[in-house]
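J.: In case it's useful when we look at the structure, here is the feature table from TrEMBL:
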type: DOMAIN; residues: 84-172; note: domain 'GHMP kinase N-terminal'
type: BINDING; residues: 112, 113, 114, 115, 116, 117, 118, 119, 120, 121, 122; note: ATP binding site
type: ACT_SITE; residues: 164; note: active site, proton acceptor
type: DOMAIN; residues: 236-301; note: domain 'GHMP kinase C-terminal'
Ligand code: PMV
């Protein structure tokens, strides 16, 4: 059996605007998905998932990965997670040329599903890495990132950004602009996550911003202004200026909120973090529900979030310098 892990991520700046060619800065965080892959003697794909914010679950596909599942999986997020594993195994088969190979796949993840922390990218990266290694091939990180991106692209019906998969494969802070991804120098960031227990519908939220942008020039200007925040954020990151980073995160959240992608629970958590003395706080990812990220070296934000109505979970998540990790 080969086991790999890969980190989740937060957007320090730039989600949504990145869809329109503005730069964005996601950053890998020390919460991980671990995927174990073991070759089977037949061609079946059997997936066992634990801790995916849901109860342990086993799905068995008959014959090939394309076959119908033997177990009825009604939970849509879980189904989506299984889709990513399916897609990742297709990539493994493609890389190795072993079209009929079957696997037992075990997923354990500390990353809430669909909540803006890049859970699907982490699962795809770790699954491709472990699957290829199980068959004796170790991919370069760039190819791993590209294969994981292709997985997301196919599973998400042609809509994916390279941000999550690149960040998860390489670790660290990343600058994304169009198809171009590069690693950035970053200081240690005292990140605190607040999770409302829910998830937003990325497709719907992206469509909402698109129509606002088409209808109002000031909405298009808002998207452009987010790009300006990102450029300032890169300078603040390079200088290790936490106070400025926080101020820019607050500004970024305000503009995302103006574009209609925040929610009551996300706003409550953002304000609780600010009231507790965080340097800044914003939603991360598509929004609508899910997670916020705050910058606070003290324990105050985490304590405040744990008492905030609408916050289901809060944890500290340092920047992860390490992307994919080969555990076994
Ligand atoms: O919620 P996430 O982590 O999948 O991030 C979505 C980011 C968007 O900019 C809203 C969409 C995208 O594809 O870049």
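Placed from the backbone N, Cα and C atoms, the Cβ positions cover glycine too.
A TrEMBL annotation is a machine prediction, not a hand-curated record.
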J.: Around the recorded ATP site, report the further residues of that chain (criterion: Cβ within 8 Å of the mean position of the Cβ atoms of 112, 113, 114, 115, 116, 117, 118, 119, 120, 121, 122; site residues excluded), sequence-ordered.
T.: 8, 111, 285
J.: What whole-number Å value do you get for the CA-CA distance of residue 118 (ATP binding site) and residue 164 (active site, proton acceptor)?
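T.: Distance between the two Cα atoms comes out at 6 Å.
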J.: Distance between residue 114 (ATP binding site) and residue 164 (active site, proton acceptor) at the Cα atoms, whole Å?
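T.: Spelling it out, the Cα of residue 114 (ATP binding site) and the Cα of residue 164 (active site, proton acceptor) are 12 Å apart.
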J.: Of 112, 120, 122, which binding-site residues come within 10 Å of the residue listed as 'active site, proton acceptor', going by C-alpha to C-alpha distance?
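T.: Correct set: 120, 122.
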J.: Around ligand 1, within a Cβ distance of under 6 Å, which of the binding-site residues 112, 114, 120, 122 show up?
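T.: The binding-site residues passing the 6 Å Cβ test: none.
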J.: Helix, strand or coil by DSSP: which one applies to residue 122 (ATP binding site)?
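T.: DSSP assigns residue 122 (ATP binding site) to helix.
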J.: What are the sequence-distant neighbours of residue 122 (ATP binding site), meaning same chain, six or more residues apart, C-beta distance under 8 angstroms?
T.: 6, 7, 8, 32, 33, 109, 111, 168
J.: Residues with Cβ closer than 8 Å to the Cβ of residue 116 (ATP binding site), same chain and 6+ apart in sequence?
T.: 10, 11, 15, 200, 283, 284, 285, 286, 287, 290, 291
J.: Run through the domain 'GHMP kinase C-terminal' (236-301) and tell me, per DSSP, how many residues are helix, strand and coil.
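T.: Residue counts for the domain 'GHMP kinase C-terminal' (236-301) by secondary structure: 35 helix, 9 strand, 22 coil.
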J.: Per DSSP, to which secondary structure element type does residue 116 (ATP binding site) belong, with helix, strand and coil as the options?
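T.: In three-state terms, residue 116 (ATP binding site) counts as coil.
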J.: Taking DSSP as the reference, which of helix, strand or coil describes residue 164 (active site, proton acceptor)?
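T.: DSSP assigns residue 164 (active site, proton acceptor) to helix.
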J.: By a simple count, how many Cβ atoms lie within 10 Å of the Cβ of residue 114 (ATP binding site), its own Cβ left out?
T.: 22
